[in-house]
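Novice: Attaching a single structure in structure tokens format; questions to follow.
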Amino acid sequence: MNKLRSSAITQGVQRSPNRSMLRAVGFNDEDFNKPIIGVANGYSTITPCNMGLNKLALKAEESIKRSGGMPQMFGTITVSDGISMGTEGMKYSLVSREVIADSIETACNAQSMDGVLAIGGCDKNMPGAMIAIARMNIPSIFIYGGTIKPGKLHGEDLTVVSAFEAVGQLTSGKINEERLIQVEKNCIPGAGSCGGMFTANTMSAVIEVLGLSLPHSSTMAAEDLEKELSADKSAEILVSAIEKDIRPLDLMTKKAFENAISVIMAIGGSTNAVLHILAIANTAGIDININDFERIRQKVPVICDLKPSGKYVTVDLHKAGGIPQVMKILLNAGLIHGDCKNIEGKTISEYLQNIPDKPPTNQNVIRDIDNPLYKKGHLAILKGNLASEGSVAKISGVKNPVLTGPAKIFESEEDCLKSILNNDIKAGDVVVIRNEGPVGGPGMREMLAPTSAIVGQGLGEKVALITDGRFSGGTYGLVVGHIAPEAAVGGNIALIKQGDLITVDAVKQLIEVDLSDEELEKRKKDWVKPIQKYKRGILSKYSRIVSTSSLGAVTDL
């Protein structure tokens, strides 16, 4: 008897009409007993992150057929954070994570697919696919489209963040417009996701650690042949996983998520990983909360010197041994669990067996555990009267992660950026951007344009920026995001006024305004809930159902 899930649409006399439809798309008699595997293809020419995905999808499709499966390709959406950054369009970025998850779940479950191979590139593709995979719990694998190679200008490595910072450098007189245009024309040389340890590369690493993509695959360059070979191998492994009935929730254990958190600390990953790991774990039914990040941060050092705060890009990490080399160092130090398994059915200890104990001596990207860049992880969870549920501070590259200063308050990213470019922000200020949370934005925009402008003006060490919105993986400096409760639901960030003294202290994990509980309560009585300006459409729907950022900003609690 056929035990495949797809037998619901392929077996028996009553399914003759169903089979007739499948015959039209290429099925023959013998194919109805093969596993039907969805190929969730995020190919798009919207963004360089995704423009190379179709060749990987076609390669995977061929491999599925050769390995005894029947592929069915369907499209998923993407948006480009880099293009929508600083505009109203950025409100759709985090929303797209949910759309991607919903679309993959919908297609696979509607068609009774036996497994899914998801292919993505831009930031929200990875967590979106993982949320869907956790919901469905059918054999699954993820293929990352790959990182972009660095742009070059006069021997200097460039990334997209170089262009954002150039805007601030221009307005402060540090560069001229000719230099700005040179950076613009040279920072993105081809296909692939943004090249530093930004959000896309961070999340691809998370998926590799969780065991749902192949070892070494998360750091490959998009345009290199090994990426196509990895796609071919991934499809073959997925067919085998269906035969062995290896399912995502077999791999997505609490230990596996702890491993993922350890690795993002070690590589200096994006703040967005906090939000996305919380969302994926929630969907998988795993008890991971925001406090776990701080617990693990205290033990795990940063051992990779990667942009945005460091020197190197992801292709350099790949040459130095990639995520497996980082994991081997952490495993030897007792900082990850070696008994977690991957999609091939191998434990971490098994598949890292042939990885060297020490990083190569001819590189400076990965350091050994006793010579870290920072002794503790770079993503600190801050709490206090401005964030009772927590907030996320990125403190890599910051010499003094403590600042007390007067609040400069802005009700939107646009107003803040205008003020920065007018040189209104001074050393010692605490810039506050509020009403940009999951509900208030809605959509929790990333504040890359303001933070890059601050860094470009030379204020990165002298100004703190706090928000209920998010930050790009390309952000660095003394920044605190994901403040919860957010302003739109009456969080205390909504109650502060211009000039109130705010302390950001990443050493004591503290974020607070110098106001008494009585004063905050008095202001709360006068607070008026903002009117949601989106009455129809997806942003309106999202703002009504999205959870707090401290739970991952999910929409299916």
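Counting starts with 1 at the first residue shown.
Glycine residues also receive a Cβ, built from the backbone N, Cα and C atoms like all the rest.
Summarising the annotation, Swiss-Prot assigns [2Fe-2S] cluster binding site to CYS49, CYS122, CYS194. The annotation Mg(2+) binding site is assigned in Swiss-Prot to ASP81, ASP123, LYS124, GLU446. The N6-carboxylysine annotation in Swiss-Prot covers LYS124. The active site, proton acceptor feature in Swiss-Prot is assigned to SER472.
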Novice: Spatially, and counting Cα to Cα, which of the recorded positions is closest to GLU446 (Mg(2+) binding site)? Options: CYS122, CYS194, SER472.
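Specialist: Smallest Cα separation from GLU446 (Mg(2+) binding site) among CYS122, CYS194, SER472: SER472.
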Novice: Helix, strand or coil: which one is ASP81 (Mg(2+) binding site) in, per DSSP?
Specialist: helix
Novice: Beyond the listed site residues ASP81, ASP123, LYS124, GLU446, identify every same-chain residue whose Cβ lies within 8 Å of the center of their Cβ atoms for the Mg(2+) site.
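Specialist: Residues close to the Mg(2+) site, other than ASP81, ASP123, LYS124, GLU446: VAL79, SER93, LEU94, CYS122, THR199, ALA200, ASN272, SER472.
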Novice: Taking only the Cα atoms, work out how far LYS124 (Mg(2+) binding site) lies from CYS49 ([2Fe-2S] cluster binding site), in Å, as a whole number.
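Specialist: It is 11 Å, counting Cα to Cα.
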Novice: Please report the distance from the Cα of CYS49 ([2Fe-2S] cluster binding site) to the Cα of ASP123 (Mg(2+) binding site), rounded to the nearest angstrom.
Specialist: 9
Novice: Validating a neighbour-count step here. Other CB atoms within 10 A of the CB of ASP81 (Mg(2+) binding site): how many?
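Specialist: Total other Cβ atoms inside 10 Å, all chains included: 31.
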Novice: Radius 10 Å, atoms counted are CB only; among the binding-site residues CYS49, ASP123, LYS124, which position scores highest?
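Specialist: Per the Cβ count within 10 Å, the most buried is ASP123.
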Novice: So which other residues, same chain and not among CYS49, CYS122, CYS194, have a Cβ within 8 Å of the centroid of the Cβ atoms at the [2Fe-2S] cluster site?
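Specialist: These residues sit around the [2Fe-2S] cluster site: THR47, PRO48, ASN50, SER80, ASP81, GLY82, GLY121, ASP123, ILE148, GLY192, SER193, ALA200.
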Novice: If you count Cβ atoms within 10 Å of the Cβ of GLU446 (Mg(2+) binding site), leaving out that atom itself, what do you get?
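Specialist: So the number of other Cβ atoms within 10 Å of GLU446 (Mg(2+) binding site) is 31.
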Novice: Test of understanding: give the count of other CB atoms lying within 10 angstroms of the CB of CYS194 ([2Fe-2S] cluster binding site).
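Specialist: Total other Cβ atoms inside 10 Å, all chains included: 31.
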Novice: Anything within 10 Å of the residue listed as 'active site, proton acceptor'? Look among the binding-site residues ASP81, CYS122, CYS194, comparing CA atoms, and list what you find.
Specialist: ASP81
Novice: At a 10 Å cut-off from the C-beta of CYS122 ([2Fe-2S] cluster binding site), count the other C-beta atoms across all protein chains.
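Specialist: That number is 29.
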Novice: Write down the Cα-Cα distance for CYS194 ([2Fe-2S] cluster binding site) and ASP123 (Mg(2+) binding site), rounded and given in Å.
Specialist: 9
Novice: Between the Cα atoms of ASP81 (Mg(2+) binding site) and CYS122 ([2Fe-2S] cluster binding site), what distance do you get, rounded to the nearest Å?
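Specialist: On Cα coordinates alone, these residues lie 8 Å apart.
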Novice: Within 10 Å of the Cβ of SER472 (active site, proton acceptor), how many other Cβ atoms can you find? Include all protein chains, please.
Specialist: 30
